[in-house]
Amino acid sequence: MTSTTQVLIALSSIVVAYFVKTALAKRKLNPRGLPYPPGPKGLPVIGNLTQLPQHKPWLVYKEWGRTYGDLMYLEAMGQPMIIINSLSRALDLLDKRAVNYSDRPHVPTMDLCVLMKLDWVFAFMQYGADWRNHRRAFHQYLNHNMVHNYHPIQEQETQEFLRALIARPKDFLAHTRHLFGSIIIRISYGFEDEEYNKVLVEEAEALASGFSESIIPGRYLVNAFPFLRHVPSWLPGAGFQRTMQYLRKISEKTLSEPFDNVKEALKTGNRQVGPSLAVGLIESLPDETHANRTSLEVVARNTSALSYIAGADTTVSSAQALILALAMHPEVQRKAQKEIDSVVGTDRLPNMSDKPNMPYVQAIVKEAGRWHTVLPLGFIHVSAKEDEYDGYFIPKGSFIFVNTWAIMHDPDVFKNPLQFNPERYLKNGQIDTSVLDPEAATFGFGRRICPGRWLSNDSLFLMAASLLATFNIAAPKDRTGKPIPLSLDTSSHLITAPLPYDCEFQLRSPKYAALLQK
């Protein structure tokens, strides 16, 4: 027997042993031999790794669903993944079996959270007591019975947004970021100092942007090789460490400085603070001699800081899509303005008390959230243990992706789903409760559903109503005065945003400029 033959036999034995071991391991985990959900066939060892789409994967998964159905199984390097393409499947698993599907993965991206000192953001926390304590604190001050306390802040900042649009209409995308950043910073800490809040918004934006950039596939090698997080920053190729150091400083400042300033203000009265998460949480803390004071203050500090990181990017993206949709559909603007004028008149601007009387504007906000799905694949859920569902086996530790984009663009639920049509939610001039509300999916599922959804919805409504009351929005014009066609195209990130676009804002009447000067 030649040496070459011996090597081939040895290699064959290793391969056979590997497959036997893998098969036995899977059999042990799945003793009843249940089938896995259907999905594209992968390769040995690497599974479906080379098939995973990198650009707008939600579109590919929706297309695969035509072949494999609304529950698909993929595997990459041994990591099982479940793709859900329908609302009913998502509710079955993530709502009805939430105890098993509320965890988050520990992946290299989470290591980046540690490098950036972002491990205080409870959206990334593992499911357990620590996560529950943070969510409880957040929900205590942002539940649907509490958000009315923040309506004055939303109204003040929305009027400032309108004034900025009058002064610098070309910067409308930046104005939307500032609007929602300012609302959330004020609700988080209660400071009315505009310049100070502006600094806080800019720092929080830098932190959110840095994180979003860091998790783009291929952006940093540390995502693929976690051991690189221990490489010193001075080594060639370790530039990510310097970026992480910069973001870590911002994170530490974002977490500590404003919270400590609120504590000092409440203690000494050296500056004015209004109703906010931080004020409420600090005032509810036990005496400093209490055994749990330190741990409770950590939760209060984290909860106050995470408001912006957790919510601003998604709300800004929705707002920018809403403005784009209005610029593309002047007929929608006219109908909304007719409703607004009938409710508000022309002697004041809309406020939150007008919301129940403006179903068409509410429908615009709902449709914007469906038409542009900000989180097309949501945040990853993880199965805490193996499960059987509809005759299929779901392994422990499976990554669960809900294809929210597919749900929101299902033609069986939403006729002509690529069309922006607020009237799909209306019947006899009122919200039609028989039509699926996009909020059933766009804010997440189960115990991981977004706790800031009521605040976000109110902020978007007020922006839409105030914007439509004050301005006509139009597509930009070319040199000949002809309108330049607009369309919705988005980034391919975890949180998608409309690609930059232009539009024009025209005051409906000088009266509105005068109102805003009062």
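Every residue, even glycine, has its Cβ placed from backbone N, Cα and C.
There are 20 other CB atoms within 10 A of the CB of Cys450 (heme binding site), with all protein chains counted. If you look up Swiss-Prot, you'll see Cys450 marked as heme binding site.
Counting every protein chain shown, the number of other Cβ atoms lying within 10 Å of the Cβ of Asn48 (N-linked glycosylation site) is 19. Annotation note: Asn48 (N-linked glycosylation site) sits in a coil segment as assigned by DSSP. For Asn48 (among others), the entry in Swiss-Prot reads N-linked glycosylation site.
When Cβ atoms from all protein chains are considered, those within 10 Å of Asn100 (N-linked glycosylation site) total 21, not counting its own. Per Swiss-Prot, N-linked glycosylation site is recorded for Asn100 (among others), and the stated evidence type is sequence analysis.
If you look up Swiss-Prot, you'll see Asn292 (among others) marked as N-linked glycosylation site. When secondary structure is read from DSSP and collapsed to three states, Asn292 (N-linked glycosylation site) falls in the coil class.
Sequence annotations record features per position, and here Swiss-Prot assigns N-linked glycosylation site to Asn302 (among others). Cβ neighbours within 10 Å of Asn302 (N-linked glycosylation site), excluding its own Cβ and spanning all shown chains: 22.
Non-local contacts of Asn351 (N-linked glycosylation site) by the CB criterion (under 8 A, 6+ apart in sequence, same chain) comprise His151, Glu155, Leu462. Residues annotated as N-linked glycosylation site in Swiss-Prot, with sequence analysis given as evidence: Asn351 (among others).
Under the DSSP three-state reduction, Asn457 (N-linked glycosylation site) is assigned to helix. The N-linked glycosylation site feature in Swiss-Prot is assigned to Asn457 (among others); the stated evidence is sequence analysis.
Here Swiss-Prot flags 7-25 as transmembrane segment.
Neighbour counts of Cβ atoms within 10 Å were compared for the glycosylation sites Asn292, Asn457, and the top value is held by Asn457. Between Asn302 (N-linked glycosylation site) and Asn457 (N-linked glycosylation site), the C-alpha separation comes to 23 Å. Asn100 (N-linked glycosylation site) carries a helical DSSP state (H, G or I).
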